[in-house]
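Q: Input: one structure, supplied below.
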Amino acid sequence: MSKHHRCLPLFAAVNLLLILQPSAIGLPPTTTPITRFQNYLRINTAHPNPDYNTAVEYLTSFARTIPTLLIQTLYFTTPDKPLLLLTWPGSNPSLPSVLLNSHLDSVPAESSKWLHDPFEAHLSPDGKIYARGAQDDKCIGMQYLEAIKELEINFHYSPTRTVHICYVPEEEVGGFDGMARFVESEEFKKLKVGFVLDEGQASTTEEFRTFYADRSPWHVVIKATGVPGHGSRMYDNSAMENMMKSIEVITKFRENQFDLVKAGLADPSEVISVNPVFLKAGIPSPTGFVMNMQPSEVEAGFDIRQPPTADPDLMRKKIAEEWAPEWRNMTCEITEKGTLKDFMGRPLMTATNDSNPWWSIFKQAVEAAGGKLAKPEILTSTTDARFMRRMGIPTFGFSPMKNTPILLHDHNEHLKDSVYLEGIQNRAQLKHRSAHFQRSNKDSSLLCAKFSSLLWTCTWLYQNFLPNSNQLL
Ligand SMILES: [Zn+2]
């Protein structure tokens, strides 16, 4: 890449983008960023039968319109679970690369409870695109490509660092046959990834949300055993009595954590959440349960989510000694669905201070484009980002959706076309430039603002680091 490109001020690039006309983009009149987004949403990749191959075919055909992109389809399990890896080669391949990740799959949708068919990608008159995956997270998957296409085709821009764009299967079912396999592969090692942008969540305010960690889920099943007895007898150490004592202890712990949230001392994702998810007890009868018999076994299941600041050893000890103590004839089974530490034993989170140069760059890029970042957050649930963080790779979750209701996994998931197209473009700049912009239809007027924060972020990353910079390893 030439020095000129590298030093192109961000706003100069923004201004150029803002005065683009559709004819300059060279798009057929029927194809717009919105229709391309709708087409991707119409491919049903919801569980339990996600059609990954059609989604990969569609993305591949779009990627082929960007001449320099290298396209690979990888398989780590079965042929029906492809992983699409696109590579935008940088001028200095020795530098650590940037990975832009999104997942192909989505959760199911109960069509009867939606205003519009969840796989029709209906665009309402007020600009809302209704579709499963509109927010989570097909929006970012297409925005990555749209942004790169514009930079590549209209600005002949080539990045210093190599950029990889990855579309993974199976995120919504834990990522074990998707990103978890990929990060362990030789193919991933060869990418030399230095920084990852993964999915975030919508923000209901003017501020964009950034996620620097996930909470780690544990599934805990505790079991109490005791001597069975007649329902009329009072005696010590029945299975049910022991379980009730445990539930009392667990409830107290849950209340203490929840009180911190209610008092405003912690965000919901900063505490350890504990929620009972099943209770299994009683002796079944044809009409329900036998009422005059105390059972000899009781089981209860809990969903526990811990932030990376939690001490997993302490939690294991608490569960063993207080929630399911042996002396009360109790046992426990802990299924740790994710770790709280990275491969070096450090808490599984990406720094959001000056110790992490990627954070500064990211923040500057958003602010330079007129956007405002909310206080970085821990995600209450989990994403594939944890697999990269576990390898010590700085990873932020970021989906540029502001003033948008949080509808992931909900009925009527939708995203406004203007939000999809605008990202965090500088509204003042847009307003100013729109005076010089010939508007022919709704899409073309929005086209000038199509570049998402992802573009700004990438542009900033590429332009503000010298090719020989090695501080971002
Ligand atoms: Zn997602």
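From the backbone N, Cα and C atoms, a Cβ is placed for every residue, glycine too.
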Q: Look at the Zn(2+) 2 binding annotation in TrEMBL, where Glu172, His409 are given, and name the residue from Asp136, Asp137, Asp198, Asp384 listed for that site too.
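A: As annotated by TrEMBL, Glu172, His409 share the Zn(2+) 2 site with Asp136, chosen from Asp136, Asp137, Asp198, Asp384.
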Q: Let me know which member of Glu186, Glu187, Glu199 TrEMBL also records as binding Zn(2+) 1 at the site of His103, Asp136.
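A: Only hit among Glu186, Glu187, Glu199 in TrEMBL's Zn(2+) 1 site, alongside His103, Asp136: Glu199.
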Q: What are the other residues, in sequence order, whose C-beta lies within 8 angstroms of the center of the C-beta atoms of Asp136, Glu172, His409 at the Zn(2+) 2 site?
A: Ser106, Val107, Gly133, Asp137, Leu408
Q: Checking the contact step here: among the recorded positions Glu171, Glu172, Glu199, which have a Cα within 10 Å of the Cα of Asp105 (active site)?
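A: So the list is Glu171, Glu172.
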Q: Can you list which of the recorded positions Asp105, Asp136, Glu199, His409 have their Cβ under 6 Å from some atom of ligand 1?
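A: Going through Asp105, Asp136, Glu199, His409 in sequence order, those close to ligand 1 turn out to be Asp136, Glu199.
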Q: How do the residues of the domain 'Peptidase M20 dimerisation' (218-323) split into helix, strand and coil according to DSSP?
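A: Grouping H, G, I as helix and E, B as strand yields 39 helix, 34 strand, 33 coil.
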Q: Out of Asp105, Glu171, Glu172, which of the recorded positions has the smallest number of neighbouring Cβ atoms within 10 Å?
A: Glu172
Q: Quick one: mean pLDDT on the domain 'Peptidase M20 dimerisation' (218-323)?
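A: Here the mean pLDDT over the domain 'Peptidase M20 dimerisation' (218-323) amounts to 96.
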